[in-house]
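Asks: Could you have a look at this structure, given as structure tokens, before my questions?
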Amino acid sequence: MSEHEHEESRRAARRSVTRSDDGTLRSARRRRIREEQHARTLWASYALLLVGVWLMLAPLTFGEEVLAEATRASWIPSSARATVARWNQVICGAVLTLAAWRMLEPHRAIARRIALGVGVWLSLAPVVLAAPSASIYANDTLVGMLVIALGALVPGAIDEGIFAKSNAAAVPPGWSYDPSSWPQRVVTIVLALAAFLVARSLAAFQLGYDERAWEPLFVRQTASATDLAASSPWMISDAALAAFVFTFVMLVGFVAGPARWRTAPWVVVLQGALVIPLGLAHVAITIVHSVTSDAWSTPRLVSSALALILIALVGDEVIAAFQHLARVRAGTIDEPLREGRDDARTPDLAEARERPSEIVRASLWGASATWNLIASVLLGALVMMLPALIGLDGGAADALHVGGALAVAFALIATGEVFRAARYANVLVGAAIAILPIVLGVHATDARILGIALGVGIALLALPRTGRVERYGTWDRFVV
């Protein structure tokens with residue numbers, strides 16, 4: 001071997017040792033940082049320990065109760081529901097206590113995951129197990145949210161400083177704003193909370209805690225609407241399941257800091273998966289219930305409207321996250337965690353009391369209700385009310401109910417600029433509204449004329465291109 005080759009070999013060995021030393025130093029530094037973070041959030045583990053003890057003693061605290069008879073079938077016999085629910089609390093409390101005890105020591109990732117799993121299950125257990133009393137339902141769902149907050153959200157907020165004002169590299173390439181800013185996320189958190197409360201009110205009826213569902217508007221139709229909920233063949237309360245989904249939409253809104261479209265893109269994708277497909281499913285259930293029962297339910301309509309607005313508001317962040325993941329996969333960016341430009345536009349959430357109007361405007365960037373979308377919502381609502389106004393029933397009435405609901409749904413989704421093209425679906429919806437009364441043999445001339453006028457109006461309102469207010473990088477070409 002030549003002297004030159006010997007020298008190259010020695011240099012390679014030195015580089016290898018240097019890299020090994022650097023790796024050891026980085027590992028030691030990461031370990032030290034994790035230990036410092038654990039020390040700052042140790043109080044959360046003690047709080048989880050207390051929550052676990054509370055949960056174990058909950059059956060003794062609440063004592064014996066008169067059990068509610070669920071208004072829908074349950075896969076657990078009524079006589080066993082109380083026993084199953086109480087043992088579930090005891091077991092979950094014991095597991096949570098042990099996990100929290102382990103979390104008092106640093107580097108206990110598995111214990112933290114177990115605690116989070118308990119929190120998720122507690123939020124879902126009253127739905128799956130058909131909790132026999134309102135106190136068990138409220139206790140389990142609230143404790144579940146508290147466990148998730150103490151196990152993940154609070155430590156994450158302290159570790160990452162997610163509430164600190166950090167605008168560095170927060171705006172995606174080609175965008176005019178940061179879709180992950182706190183003003184953008186606060187509005188979705190508030191709407192998810194409102195949807196959770198509305199869905200929970202209907203769940204209270206379905207699970208047997210209230211004798212009648214809350215119904216301030218369609219009082220005369222309440223019996224029919226609630227009978228439908230009671231006779232549903234599903235073994236799980238759909239309203240309680242919707243409340244569970246809205247709970248997680250709200251909690252995921254707190255995860256990670258500004259610019260999470262690039263720092264935590266899979267969290268954004270998770271929220272999108274909760275809001276968009278499950279929100280559409282919730283709207284579909286509302287339409288089916290209204291048509292099959294020929295009755296309206298205020299909680300279902302309100303929660304469905306909130307779900308559609310949530311779809312419009314979270315779409316921009318989901319698009320930004322997918323754009324980032326596509327660029328990372330294509331290898332077009334060198335430093336994925338530093339991609340983007342600084343955000344000098346978004347107001348600081350800490351100044352909400354001094355600048356409330358600016359915070360509200362910033363929370364609605366990416367969403368705009370244009371004149372034609374507002375008109376489409378109004379005409380769609382009128383189509384839904386048309387059968388009652390003109391005394392129409394049967395298949396024609398069902399077709400108008402469905403058509404009007406779809407027109408409202410597509411118009412609300414299109415208020416999100418990234419989903420502006422969704423309004424074109426109303427061209428088909430409007431054509432169906434105009435044609436179906438004739439096809440279904442409606443003989444009343446006024447019904448035919450009104451159906452044609454409203455259907456054509458909805459179809460024409462979907463055609464104007466109203467433009468966009470913000471910029472969305474490569475997605476701009478789809479904002480039509």
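A Cβ is built for glycine as well, from the same backbone N, Cα and C atoms used for every other residue.
Straight out of TrEMBL:
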- 1-23: region 'Disordered' (REGION)
- 1-11: compositional bias 'Basic and acidic residues' (COMPBIAS)
- 39-57: transmembrane segment (TRANSMEM)
- 43-152: domain 'SPW repeat-containing integral membrane' (DOMAIN)
- 87-104: transmembrane segment (TRANSMEM)
- 116-136: transmembrane segment (TRANSMEM)
- 142-158: transmembrane segment (TRANSMEM)
- 186-209: transmembrane segment (TRANSMEM)
- 234-256: transmembrane segment (TRANSMEM)
- 268-289: transmembrane segment (TRANSMEM)
- 301-322: transmembrane segment (TRANSMEM)
- 371-390: transmembrane segment (TRANSMEM)
- 396-414: transmembrane segment (TRANSMEM)
- 421-441: transmembrane segment (TRANSMEM)
- 447-463: transmembrane segment (TRANSMEM)
Asks: Restricting to CB pairs under 8 Å, which listed stretch, 39-57, 116-136, 186-209, 268-289, 396-414, is in contact most with the transmembrane segment (87-104)?
Replies: 39-57
Asks: When each of 116-136, 371-390, 447-463 is checked against the transmembrane segment (396-414) for Cβ pairs under 8 Å, which one has the most?
Replies: 371-390
Asks: Considering only Cβ pairs within less than 8 angstroms, which of the stretches 39-57, 116-136, 234-256, 301-322, 371-390 has the most against the transmembrane segment (268-289)?
Replies: 301-322
Asks: Can you say which of 39-57, 116-136, 301-322, 371-390 has the most Cβ pairs under 8 Å with the transmembrane segment (234-256)?
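Replies: If we count Cβ pairs closer than 8 Å to the transmembrane segment (234-256), 116-136 scores highest.
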Asks: Just give the helix, strand and coil counts over the domain 'SPW repeat-containing integral membrane' (43-152), going by DSSP.
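Replies: The composition, in the requested order, is 84 helix, 0 strand, 26 coil.
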